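Record features (Swiss-Prot):
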type	residues	note
SIGNAL	1-25	signal peptide
DISULFID	Cys57-Cys284	disulfide bond
ACT_SITE	Tyr94	active site
DISULFID	Cys106-Cys123	disulfide bond
ACT_SITE	Tyr142	active site
ACT_SITE	Glu197	active site
ACT_SITE	Arg200	active site
Amino acid sequence: MKMKVLEVVGLAISIWLMLTPPASSNIVFDVENATPETYSNFLTSLREAVKDKKLTCHGMIMATTLTEQPKYVLVDLKFGSGTFTLAIRRGNLYLEGYSDIYNGKCRYRIFKDSESDAQETVCPGDKSKPGTQNNIPYEKSYKGMESKGGARTKLGLGKITLKSRMGKIYGKDATDQKQYQKNEAEFLLIAVQMVTEASRFKYIENKVKAKFDDANGYQPDPKAISLEKNWDSVSKVIAKVGTSGDSTVTLPGDLKDENNKPWTTATMNDLKNDIMALLTHVTCKVKSSMFPEIMSYYYRTSISNLGEFE
């Protein structure tokens, strides 16, 4: 009897996994016609797509768990008649791969350490063995990307710089590996910071917006770089604060300010309003949840639907 129950449960889980789409609906960012305002709206939509629907910490939203389905959110970066589709893990905001159109067909590009399902996530139904046109020859870390694209501190973040790098690789032959890999790595370094890092950090979002239309964009300063390295640790420090309201928080030891000086403390209000936009998934010492927001939503929905049965 016990075995039959386990078999039924296993079958139910298998059916659920088959019915659950691997990725949520695409979020579109029109780079060609972007403004600082549409960029900010895009980041808000991305945060909504990856956040835990029930939990917050000190009023801040957090990413969902790594086991929550769907696994990915797809982001379409549009420019002219072309579109790059990025596959981003909802649980940690890692970029696992992307696709463009090459020779009239969807072409996937995946890192050496990409998730095994990234290929079919960006190019549904493509089970082909990865070749020169598909393999990104390094891991998805900054170290990997910088090995081909150079230091990210020298690459500006903004509309013009992003569009420029998109145009250099979209639909281009990847067999000219030296030049293609340099252009691709620069695109990835810019896209990752403008999409995933800016989703995590209001500080980076606001810096990019301030230089959004500048030819050279915003060159990441030491504060931004140190935040990029410490998303987990800053989130955990916030989670350990046991009192609600404003307070002074001791920050992780290797954070830097804009002038590359040690940045040791911040107020909770500063972290909430100016630095963080999305925490990693944490266990918060102060109990909080999305319950009031959820109940408010259902109340408004039920009230608005009362007239439908008249």
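Every residue gets a Cβ built from N, Cα and C, even glycine.
Locations of recorded Swiss-Prot features on the structure.
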residue	record	contacts (Cβ under 8 Å, 6+ apart)
Tyr94	active site	Ile88, Lys140, Thr196
Cys106	disulfide bond	Ser99, Asp100, Val122, Cys123, Asp126
Tyr142	active site	Arg152, Leu189, Glu228
Glu197	active site	Ile204, Ala224, Leu227, Glu228
Arg200	active site	Leu93, Leu227, Trp231, Met276, Ala277, Leu278
Cys284	disulfide bond	Leu55, Thr56, Cys57, His58, Ala239
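In the three-state DSSP classification, Cys106 (disulfide bond) falls within a strand. Tyr142 (active site) falls within a helix when secondary structure is assigned with DSSP.
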